[in-house]
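Worksheet: one structure, shown below.
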Amino acid sequence: MKPHFRNPVERMYQDTFSDNFYNRPILSRRNTVWLCYEVKTKGPSRPPLDAKIFRGQVYSKLKYHPEMRFFHWFSKWRKLHRDQEYEVTWYISWSPCTKCTRDVATFLAEDPKVTLTIFVARLYYFWDPDYQEALRSLCQKRDGPRATMKIMNYDEFQHCWSKFVYSQRELFEPWNNLPKYYILLHIMLGEILRHSMDPPTFTSNFNNELWVRGRHETYLCYEVERLHNDTRVLLNQRRGFLCNQAPHKHGFLEGRHAELCFLDVIPFWKLDLHQDYRVTCFTSWSPCFSCAQEMAKFISNNKHVSLCIFAARIYDDQGRCQEGLRTLAKAGAEISIMTYSEFKHCWDTFVDHQGCPFQPWDGLEEHSQALSGRLRAILQNQGN
């Protein structure tokens, strides 16, 4: 008997959307994949030519997956419009499985006039190395057209609610922890796709001038090593960068600091309790008091993880922030100021430098020395 859901539909019920697009990273009993699509010709402000929904079962035959249903429909429709360039957008409850991911990459390679943007509510089998490699192959840009994959944020959920749900003019009501789950998934996807930072973003935010204005974001680059027989083994799959989520960014009312976003994602790494790990963070600002307290709690409760922090600048080194740094150091964290060596390492490791070597800015070493002195005074409780 063939699975149902063969033909596309135009809208879904509110409960169906909320249940299937719920973005908690680990979720069971969601075996139906919902794919909302929009097709339009390339160009600014072009309205969609078609917008409907395909459904399919996760464990059914590949041809019954909604991604394959879409391409079966689109291929027939495309024959009538062979010379036109199209932009396709998917909003999908699960990211495509490994086989669908490879077939999508093949389709796009064979039809360079089609671009695809995929917004996913959740990542399917994100811990599997074969799946990670398939996603990287789909999203790489260097040898031909590929897809762009992003995690659905509040704006995409709101768009789907308005476009594909029988909303009866009711406003979309986000569920609890939607912003937190988005941040977690965004970080995990960045790890998988090995996102890199733009050079201007790095040089602007990590510049270590003693007094800077307008640097309200905190960037945090991280890498993880497993300690074994007095040697360190770098875990390449546990490396990436993130920044704080400012209030109202992506439609979320509340913000979240970069350090807390980082602590949120560590449990999903499933680090072996019987192994010892070293986590190294390179931050544009040292942690604030609250973040330092939370990081201290984390390393106190996770004895198999040691924490090393290199900061480009010291955040508000007066009062409670000084106390927070001392608490963090007392808990066992190593806190240092970034020098030329760390800036170069971050440039080489986390920046899309296109082969250009790191160029230090004027005063880098002098600023590092001055900040190191201030940090030593703080940690020794000597003030300025």
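From the backbone N, Cα and C atoms, a Cβ is placed for every residue, glycine too.
Sequence annotations record features per position, and here Swiss-Prot assigns active site, proton donor to E259. A sphere of 10 angstroms centred on the C-beta of E259 (active site, proton donor) encloses 25 other C-beta atoms. According to DSSP, E259 (active site, proton donor) sits within a helical segment.
Summarising the annotation, Swiss-Prot assigns Zn(2+) 1 binding site to H65, C97, C100 and lists sequence analysis as the type of evidence. All protein chains included, H65 (Zn(2+) 1 binding site) registers 26 other Cβ atoms within 10 Å of its own Cβ. DSSP classifies H65 (Zn(2+) 1 binding site) as coil under the three-state reduction.
H257 (Zn(2+) 2 binding site) is surrounded by 20 other CB atoms, counting those within 10 A of its CB over all protein chains shown. What Swiss-Prot lists as Zn(2+) 2 binding site is H257, C288, C291.
Per Swiss-Prot, domain 'CMP/dCMP-type deaminase 1' is recorded for 29-138, and the stated evidence type is sequence analysis. With helix defined as DSSP H, G or I and strand as E or B, the domain 'CMP/dCMP-type deaminase 1' (29-138) counts 42 helix, 36 strand, 32 coil.
Under the heading phosphothreonine, Swiss-Prot lists T32 (among others), citing similarity to another entry as support.
Under DSSP, T218 (phosphothreonine) is assigned to coil, being neither helix nor strand in the three-state scheme. Take the CB of T218 (phosphothreonine) and look out to 10 A: across all protein chains shown you find 24 other CB atoms. Per Swiss-Prot, the feature phosphothreonine maps to T218 (among others).
The region 'Essential for cytoplasmic localization' annotation in Swiss-Prot covers 1-60, and the record cites a curator's inference as its basis.
Marked as region 'Necessary for homooligomerization' by Swiss-Prot on the basis of a curator's inference: 209-336. Helix, strand and coil counts under DSSP for the region 'Necessary for homooligomerization' (209-336) come to 39 helix, 43 strand, 46 coil.
Other C-beta atoms found within 10 angstroms of the C-beta of N244 (site 'Interaction with DNA') number 21, with every protein chain shown included. What Swiss-Prot lists as site 'Interaction with DNA' is N244, and the listing cites a curator's inference.
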Can you name the recorded positions among T218, H257, E259, C288, C291 whose CA is within 10 A of the CA of H65 (Zn(2+) 1 binding site)? none
Same-chain neighbours of the Zn(2+) 2 site, Cβ within 8 Å of the mean position of the Cβ atoms of H257, C288, C291 and not counting those residues, run in sequence order as T218, N244, A258, E259, L260, P287, F289, S290, A292, E294, Y315
Per the 10 Å Cα distance test against T218 (phosphothreonine), the recorded positions T32, C97, E259 reduce to E259
In all the protein chains shown, the tally of other Cβ atoms within 10 Å of the Cβ of C291 (Zn(2+) 2 binding site) is 24
